[in-house]
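*Asks:* TrEMBL lists these features:
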- Glu228: Mg(2+) binding site (BINDING)
- Asp233, His237, Asp274, His275, His351: Zn(2+) binding site (BINDING)
Amino acid sequence: MQNANRAGARKPTRDKLYDYKLVLVTLMIQQLSWTFKRTAPVKVTPSLAYRENYRGEMLLVNKNSGLSKGLLQRCPFLSALCAIEYQSESADLFRSSSQRVEGLPLLLLPAGPFHWVILGGGRRNFRNETVTDEENSRGRRHDGRDLIQEWQEERRRRNENHAYVWNRQGLLSVPLDDTDYLLGLFESNHMQYHLQADSETEPTLAELTEVAIRMLSKNPEGFFLFVEGGRIDHAHHDNFARMALDETVEFSKAVQRAAELLSEEDSLLVVTADHSHVMSINGYSRRGRDILGLSDDRDEHGVPFMTLSYTNGPGFRSHTATGSRPDLTGEDLTHEEWRSHVDVPLDSETHGGDDVAVFARGPHHHLFTGLYEQSQLPHLMAYASCVGPGLTVCSTDGASTTAPALITLFLVMLPLCASDSIL
């Protein structure tokens, strides 16, 4: 994950979860200096990013692998990164936003038993426009289909134990030992930011992660779980530094819960990002100073500046008539939607070009060291976990062919999922 984001979130928590094997990965693609839009996920899961078009197929797990599979994120299931986990078609099939809304949920909820656990947001994309959901929001599908109802009917037809939930109480009440398939959609669109969510109705990322692991762990063949802390990205794009760091702390709690539930002996846990952001840490603030507050230093005009700021984004403030920056001391810096200082005005903050970190724990985690391109990640995970069509540790050293439990957690989201105009 981006170093500034991790450092900012780690400061108040003294988190040691990321003290695992460490590697840095580069984000370049063939036509840009760093990852942009839909190119990042194909580098994290399959192999090659070229222009903005790709054809992706899940490298680690397929329908015949024997592994259970779970998908967990805090956004609608329409982002490029999570969509690559369940679709093998070209992204060109969904050129328009309406085609994505209609088409991608159809790929996520197939008739066959592929995903055992699906938890996230975006109920409106699974129900037609005549249906009002549990929280009085209307569906957005124009094909007349209710995919949630179809999923339930298919599970019943196959005589499979299943549960559909839409709030925290329902999630925590699921009898996990007696449930094989779980679908949870907790918001009509994005799940709420943790700082703004109703804790009585909306589960935390750590709670979602624990339920998913306990469900998937019942398969003796192992599992693959993809967990995405997507609202970190959304907050950065809006220059909401406080919410971005709080979402990162919540993500850290999910990693900690996963580490507590999974054995290092047979479970590979990988934490990474598909891109960075242009947030930076400024000045020489004293230890103990609020990282979301003003720095101890001042600029040449005597105006204080923030310890955290962004290179670009919607938080830009025009300079005063004297040419100096505006003084922020009178603003409410504690409000969750207060926008940090910005140098270049843009409607949405951009991604950065930093190398991002990868932290790994578990079998063959020593492979995750050094510096390499992002596209190498899926090959390392497949090799260490004895899955996929390529060379694996099981085929080279005579080890057991039983794949270890595998969980990957990605600290990411893409602009494809960051705009309501797209979704």
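Heads up, the Cβ atoms here are built off N, Cα and C, so glycines get one too.
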*Asks:* For the C-alpha pair, I'd like the distance in angstrom between His237 (Zn(2+) binding site) and the residue listed as 'Mg(2+) binding site', rounded off.
*Replies:* 17
*Asks:* For His237 (Zn(2+) binding site), just give me the three-state DSSP call.
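*Replies:* Helix, per DSSP.
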*Asks:* For His351 (Zn(2+) binding site) and the residue listed as 'Mg(2+) binding site', determine the Cα separation and express it in whole Å.
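*Replies:* About 17 Å separates the two Cα atoms.
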*Asks:* Over all shown protein chains, what is the count of other CB atoms within 10 A of the CB belonging to Asp274 (Zn(2+) binding site)?
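*Replies:* Taking all protein chains shown, Asp274 (Zn(2+) binding site) has 28 Cβ neighbours within 10 Å.
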*Asks:* Distance between Asp274 (Zn(2+) binding site) and the residue listed as 'Mg(2+) binding site' at the Cα atoms, whole Å?
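*Replies:* Per the Cα atoms, Asp274 (Zn(2+) binding site) and the residue listed as 'Mg(2+) binding site' stand 11 Å apart.
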*Asks:* How big is the gap, in Å, between the Cα of His275 (Zn(2+) binding site) and that of Glu228 (Mg(2+) binding site), rounded to a whole number?
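*Replies:* That separation, Cα to Cα, works out to 13 Å.
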*Asks:* Within 10 angstroms of the C-beta of the residue listed as 'Mg(2+) binding site', what count of other C-beta atoms is obtained when all protein chains are considered?
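*Replies:* Step by step: centre on the Cβ of the residue listed as 'Mg(2+) binding site', count other Cβ atoms within 10 Å, giving 28.
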*Asks:* Hey, does DSSP put His351 (Zn(2+) binding site) in a helix, a strand, or just coil?
*Replies:* strand
*Asks:* In terms of DSSP three-state secondary structure, what is the assignment for His275 (Zn(2+) binding site)?
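*Replies:* Going by the DSSP assignment, His275 (Zn(2+) binding site) belongs to neither helix nor strand, so it counts as coil.
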